[in-house]
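These notes concern the structure reproduced below.
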Amino acid sequence: MSSSVSSVRLPLRAAPPLYGRREWRADGARAPSPALVAVKPLSCRAPASYRSALLLHRRRRYALPPVAATATSKPVLKDPKKYQEWDSLTAKFAGAANVPFLLLQLPQIILNARNLLAGNKTALFAVPWLGMLTGLLGNLSLLSYFAKKKETGAVIVQTLGVISTYVVIAQLAMAESMPLPQFVATSAVVAAGLLLNFLNYFGWLPGTLWLLWEDFITIGGLAVLPQVMWSTFVPFIPNSLLPGIISGSLAATAVVMARMGKLSKGGINFVGSLSGWTATLLFMWMPVAQMWTNYLNPSNIKGLSAFTMLLAMIGNGLMIPRAVFIRDLMWFTGSAWASFLQGWGNLACMYCFDSISRESFLATTFGLLLWLGFTLWRDTIAHGNSSPVTSLKELLFGK
């Protein structure tokens, strides 16, 4: 990948040749150079659009040569070869995250299948279909976000997440744990979401249809997120659908105003980014709810699987290098949060209550810190920065 060169401000007219004082006085009536003639203001008889386009073409034609532009710019420290190597490696890391994420759902799918074959439908009622539906909506939102950015590895991760979660939901519907109308509506949304994201990824989808889909997941995500957060503390606060209704109504109003052009450019961009951030916050809230449950019922910690938490930490950790490399703050926030809180945080709770050994916890902690250090070190080299702090600043505040 070629390094970018900082732009220089070009003069409106080409600079005259440099002469000594004597030569300039002797040739005072010197004829203008072809470049000067070419960039003279055009006749006012030509249309304004034609004059501006032609003038722009001539400015580009007689612009400073590349050597002059390069000489006035800052030196580029980035090594193209190392940049491309790290680009390819981070993409492979993101793709490899499919393995731990798929292993997270397979045990539940196999267990549900065994119970269904044995006729034990009651066992599937222990799996909350509303929670699975929430995760499915989060996967669809993130799938749309990464499909728009053409991040192949992340697209595959989210697609497998949608499919595996939908399989569990289908099993719950077969056990009559999930009502049939909700399952039919969910199936329609999943089919439409996968089809639209597939078409958009390959550039085969009209922009109008994609905007409608983005509006749908924005409103749906903003309606679900506050409701899930509210439901976490239901034993201590009254059970109510009001948070979801209010948030969904506000989201619908914001989307309509953005499409009607009633918002500023910054407001429109903010509304456009809501679906991705909503899905990220939704996944970020899940480990918070788990740790809140651990706090209320410490005895439940014995039922947690250390292997499951380790898979969650590894899967999210594998996506951190790619998020840092492309300077995607939303992706980095979600992956780092899940890796630390959902994975390492729950392992820390299990260690505090003697569910896992000290050696296992320390080895996991050391491995996670070593991985983060390796990520920042390689990213610093790839981008040609002087220190990892510079990479973090670019991630948080942009270049």
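Placed from the backbone N, Cα and C atoms, the Cβ positions cover glycine too.
A quick note: this is a predicted structure, and the numbers were derived from the prediction, not measured.
Look at Swiss-Prot and you will find 1-67 tagged as transit peptide.
Look at Swiss-Prot and you will find 93-113 (among others) tagged as transmembrane segment.
Taken from Swiss-Prot, the feature transmembrane segment applies to 123-143 (among others), supported by sequence analysis.
Residues 94-95, 97-98, 101-102, 105-106, 108-109, 112-113, 116, 124, 127, 129, 132-133, 135-136, 139-140, 142-143, 146-147, 180, 183, 186-187, 190, 193-194, 197, 201, 319, 322, 331 of the same chain lie 6 or more positions beyond the ends of the transmembrane segment (154-174) yet place their CB under 8 Å from a CB of it. Taken from Swiss-Prot, the feature transmembrane segment applies to 154-174 (among others), supported by sequence analysis.
Same-chain residues lying 6 or more positions outside the transmembrane segment (180-202) and placing a CB less than 8 Å from one of its CB atoms are 129, 133, 136, 140, 143-144, 147-148, 150, 155, 159, 162, 166, 169-170, 172-173, 209-210, 213, 217. The feature transmembrane segment is assigned by Swiss-Prot to 180-202 (among others), with sequence analysis given as support.
Annotation comment: Swiss-Prot describes 217-237 (among others) as transmembrane segment, evidence class sequence analysis. Only residues 6 or more beyond the boundaries of the transmembrane segment (217-237), in the same chain, are considered here, and those with a CB under 8 A from a CB of the stretch are 134, 137-138, 140-141, 144, 193, 243-248, 250-252, 255, 271, 274-275, 278-279, 281-282, 285, 288-289, 292, 296.
Within its own chain, the transmembrane segment (238-258) is flanked in space by residues 215, 218-227, 229-231, 267-268, 271-272, 274, which lie at least six positions past its ends and keep a Cβ under 8 Å from the stretch. For 238-258 (among others), the entry in Swiss-Prot reads transmembrane segment.
Residues or ranges marked as transmembrane segment by Swiss-Prot: 268-288 (among others).
Under the heading transmembrane segment, Swiss-Prot lists 306-326 (among others).
According to Swiss-Prot, the feature transmembrane segment maps to 361-381 (among others). Note on the transmembrane segment (361-381): residues 79, 82, 86, 89, 310, 313, 317, 320-321, 324-325, 339-340, 343-344, 347-348, 350-351, 387-388, 390-392 of its chain, located 6 or more positions outside it, place their CB under 8 angstroms from a CB of the stretch.
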Checklist entry - Cβ under 8 Å to the transmembrane segment (306-326), counting only same-chain residues 6 or more beyond its ends: which ones? => result 86-87, 89-91, 93-94, 96-97, 99-101, 103-104, 149, 151, 153-154, 157, 332, 334-336, 338-339, 342-344, 346-347, 350, 355-356, 360, 364, 368, 371-372, 375-376, 378-379, 382, 391, 395
